[in-house]
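First up is the structure itself, then whatever we jot down about it.
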């Protein structure tokens, strides 16, 4: 009987189930969106029970539509929106509050207090991260401090914490496995990425009881099995877990030191594999764990851009400039340039390399002659500019000059954006045949654990390029284009509520 690997891709706006075969091909997939909750400005939450329901729904739909029997599944891999935090009652299995999403800024005040107390350097050294509302630790603290009775329950050992991967493994296994992997643990602000353990000093800083935390395991390992009534009577190995961006790095077969990928999803995330060495950043990047496999841990440098695909969604849904995201490419190509219009898409602050949660979005250079086409093109170009800042920081920290950049995510279908990205980076951009690299990465990790694939060399051979977009501009032209934009931004008169900071080649509007 033919066997498949089932990948569960739990994202920020939807859950998906993807079937992969031995050749690393996508056989079938199913998707279900779920509700976004915005209780207050800057807050973003999800109902963890609704997420679980969406996972069950897509599993059933995917297998049914593909006419694949549950017993044909060799293993399950899970990849997830990272940092999003869930706290639930160990006995009832019910969350005590909504999952606080990675985008949410509701713990910004907690972060400010921790910074004021001087914890920043200690956190950076142990976790490779910055004190920011982006990460899980302050979200857990917020729940314990703001949900009535939560702290007492936690201290009595009655509550469990997990990122979304942990929540799904716990549910699929019927509560038998409370685990996470190295990649997800490294995004919590509570995990020492050098000792590979939950860190007591970090937990004391956040006042989070250690008893709440999951066991941390490698990214490719059998963590448990599905219980009968959650998988049609079958006990299928749950065998691979990785945060979405690390899974994409694995799915892109970026196994060699210095290889990098950029994912254009809701946000934009560039990761470079730094091998078994954790490279400390001096340019605003994050040092994170890529994956743990075969007794070894691989590290990565990461640049996190909070707004990418969501900027295109905003043009569509908020500004009503087009009905389908694919139309943005058509509009952008109707004009030869932005005609001096520049967009800073800081809708939820700015991530790498600025890490400013207070900055807000802005546009500059608008005249009476500015058209919808100029505005759309400027928004698309802004995504490429942000990626350029990340790449410069990455090369400076690693000492490695990038030769090519592998790309994935929904926005890579936009040829205008990819060509412009290649020109601005002065690096060829490679788009794979299979764009579902996040789901594929989780499938590969699970498949390796159950012997479905032999090793990473076999996986490497399955990566095939769909299109290579080579830079058309000369390096001098690209640099001139960047500097011209920054000079124009500098010349704009900002309101009294903002200030601008120009540092070398970087401009940030605060």
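Easy rule for this one: first residue shown is 1, then count along the chain.
Even glycines carry a Cβ here, placed using N, Cα and C.
Keep in mind it's a predicted model, so treat the numbers as computed, not measured.
DSSP assigns residue 82 (sn-glycerol 3-phosphate binding site) to coil in the three-state reduction, outside any helix or strand. Residues annotated as sn-glycerol 3-phosphate binding site in Swiss-Prot: 12, 82, 83, 134, 244.
The Cβ of residue 410 (ADP binding site) has 264, 265, 309, 325 as same-chain neighbours under 8 Å, each 6 or more residues away in sequence. Among the features that Swiss-Prot reports, ADP binding site is placed at 12, 16, 266, 309, 410, 414, with the record citing sequence analysis.
Among the features that Swiss-Prot reports, ATP binding site is placed at 12, 13, 14, 266, 309, 313, 410. The Cβ of residue 13 (ATP binding site) lies under 8 Å from the Cβ of 33, 34, 36, 266, each on the same chain and at least six residues away in sequence. Look at residue 13 (ATP binding site): DSSP puts it in coil.
Same-chain residues at least 6 positions away in sequence with a Cβ under 8 Å from that of residue 82 (sn-glycerol 3-phosphate binding site) are, in sequence order, 102, 163, 183, 184, 187, 243, 244, 245. Annotation comment: Swiss-Prot describes 82, 83, 134, 244, 245 as glycerol binding site, evidence class sequence analysis.
Taken from Swiss-Prot, the feature phosphohistidine applies to 230, supported by sequence analysis. Secondary structure from DSSP puts residue 230 (phosphohistidine) in a helix.
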- If you measure every Cα to Cα pair among 12, 13, 14, 266, 309, 313, 410, the residues listed for ATP, what is the largest value in Å? 15
- By Cα-Cα distance, the member of recorded positions 230, 313, 414 nearest residue 12 (sn-glycerol 3-phosphate binding site): 313
- Task: Compare the Cα of residue 16 (ADP binding site) against each of the recorded positions 83, 134, 230, 313 and report the nearest.
- Result: 230
- Sequence gap of 6 or more, C-beta under 8 Å: which same-chain residues meet both conditions with respect to residue 414 (ADP binding site)? 326, 328, 329, 380
- Integer Å value for the Cα distance linking residue 230 (phosphohistidine) with residue 14 (ATP binding site) is 20
- Query: Where residue 313 (ATP binding site) and residue 134 (sn-glycerol 3-phosphate binding site) are concerned, what is their Cα separation in Å, rounded?
  - Reply: 21
- Taking the Cβ of residue 230 (phosphohistidine) as the centre, count every other Cβ atom within 10 Å, in any protein chain shown. 18
- Note on the structure: In all the protein chains shown, the tally of other Cβ atoms within 10 Å of the Cβ of residue 266 (ADP binding site) is 21
